[in-house]
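K.L.:
One structure, as structure tokens, below. Some questions next.
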Amino acid sequence: MYGIEYTTFLIYLISIILLNYILKSITRMMDYIIYKFLLIVTITSIVVNAQNYGINLPITGSMDTSYVNATKDEPFLTSTLCLYYPTEARTEINDNEWTSTLSQLFLTKGWPTGSVYFKEYDDIATFSVDPQLYCDYNIVLMRYNSSLKLDMSELANLILNEWLSNPMDITLYYYQQTDEANKWIAMGQSCTIKVCPLNTQTLGIGCQTTNTGTFEEVATAEKLVITDVVDGVNHKLDVTTATCTIRNCKKLGPRENVAVIQVGGADILDITSDPTTNPQTERMMRINWKKWWQVFYTIVDYVNQIVQAMSKRSRSLNSAAFYYRV
């Protein structure tokens, strides 16, 4: 009798001990699984929230449409604005403190002191040779001149778009333009460009390849030339290389951190008819004021609206690198 009770008690005791062991094992296993899961979740959340600097994400969509001015000024606290103006503006204003005055006025629009830079250039022709657009946002003021309107249009086409350019060795090779986005861009103190189209036997069409005097002249003594010829046809070129550099360039798209403001003029500069301009709305505007103070006051008033039609996520333009996309 006592032996049976003792055996039963022993079985219960062993069962309890075994059950306790199993429960502890399950608890330890669950703790391990839970801790591991939490660790994975923590690491994953950190990776997901972090910015991936190893991938160059493409800029999608267009920033060329008009946007309603934002009420927030915070984005401008870390941005820089360059304002390019001709020498005649400073000469007319004739005030040594005029840039300081404008800086204080820009401050009222949310642009901190020191974030706006004033860049002076002599004239359109000189600026065409050495355009350097380094700021997050760049606004170029161009006084309209009927005798320079073609130069102004070419300059606007250059700085409002990104170009991928390669050197051209015109002494050794013939060149052809593959499509409408392919142009030859020349810069220098004096660029005279002549072309001779060739047939499939590399003989001149209406010209002699050995006589540059028979070539068609497409530019004469200009500082900036964007040359467009018939696509898919080889050409032999003659360029004043001593005073001019020419490159084979491809238009990649809009340079969205640049805007051009035409000052005055009965005609409005328009480069949107170029079939390679996509979208057809460019960051080009016109201000009709006779006095430069009025021009700058208007710029200050509408600077945020102008910037909202731009994007700081564009590459800088430096003619020292001959407007490569860098």
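Including glycine, each Cβ sits where the backbone N, Cα and C put it.
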K.L.:
Consult Swiss-Prot and report which candidate among Cys135, Cys207, Cys244 shares a disulfide bond with Cys191.
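P.N.:
Matching partner in the record: Cys244.
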K.L.:
Using DSSP reduced to three states, classify Cys244 (disulfide bond) as helix, strand or coil.
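P.N.:
It is in a strand.
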